[in-house]
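J.: First, the structure itself, so that you have it in front of you.
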Amino acid sequence: MGHEEAKTVALNPEAFSSAVSAHLQLPNGLDGEEHARWRGLVDSYLGPERVRAAEPEFARTAAEIVAGLRPGTVEAVMGLGASFAVRGMLRWLGWPEDLAGELVQWVKDNQAATRSGDRDATAEVARRYDAIVRGVVEPRRARPRAYQDVTAELARDRSLGRELSVEELVSVLRNWTAGDLGSMAACVGVIAYGLANHTELQDRLSQAVSDEEYEAILNELLRIDDPFVSNRRKATRPALLGGDEIAAGEVIHVHWTGANRDPRTFESPDEPRPSENAPENLVWGIGPHACPGRGLSLMELRVFFRALLGRFAIAAGTHGTRASYPVGGWESLEITLKERS
């Protein structure tokens, strides 16, 4: 599936439904007005003002991680990326920080289960995560005024005309966190690799560039090697897509990684052109189901790499293992840090 086909599917939810999972997925697994209602709730926690308010805490987390580094080799995905993602998320949501070790291990186990294609292993990992989330949610549901954090706020939320059930809270928080932890780790690996191979971008980012330019460069490196590989959709009626006939009820995969490297859209897919390629960049999706956490995720990546590149340069030359489908990016990646003079 190329760039044009990916946009066609994502921009036509009436013809290509997101209701493809047997499990409760809020808001991803909804369509139409019901999706819009739930998306409105989710967006209220992830808008620009919320992201700005959360930035100092994420910046503190990034600074702490970088302060613990020394020149030399470091693993970028599970070492740097997962550690930052987990610690930052725990603080943002107000979860106990002693969950950090358990969640880092969960990220590793989840990626291994996903790569294996073993549905039983994937289901068991999902059950483990749901148990973690329930352990955080249930005390806040029982004593909502005893906690003052984002999770407690969500537990008290009545913007849909009622409080959310525990199952709904778990689903929303799973959407915010389970995907974000692995995704953030993957993004850190992809960007670190891109910077190691494009020292001119490192030089640019080490200067006092605006937040907008900084995030544009990060976005372009993610386009080149998009770690968000694909999403499923179900055809609601017969359709013609890229010359192929799609039957009603058929499940298709929107292949974002392929779309972001389509030479019909990107003249030189491997060449970083942040400004030129930005309008067609599909890293965060497009349409009503575009990633609601885009702003938060880009802020996290920006403050992390500002902290890292403020102290270190990433040397050319990396060693790693590519992730295998359906996971994108790197399974592991060793980079070399050189302290700036």
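A Cβ is built for glycine as well, from the same backbone N, Cα and C atoms used for every other residue.
Please treat TrEMBL annotations as automatic predictions, because they have not gone through curation.
The following feature annotations were taken from TrEMBL:
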type: COMPBIAS; residues: 261-274; note: compositional bias 'Basic and acidic residues'
type: REGION; residues: 259-281; note: region 'Disordered'
J.: Mind checking which residues of the chain, 6+ beyond the ends of the compositional bias 'Basic and acidic residues' (261-274), have their Cβ under 8 Å from one of its Cβ atoms?
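T.: For the compositional bias 'Basic and acidic residues' (261-274), the sequence-distant neighbours (Cβ-Cβ under 8 Å, at least 6 residues beyond its ends) are 2-4, 194, 198, 201, 213, 216-217, 219-221, 223-224, 226, 280.
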J.: I'd like the per-state residue tally for the region 'Disordered' (259-281) from DSSP, helix first, then strand, then coil.
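T.: So the counts come to 8 helix, 0 strand, 15 coil.
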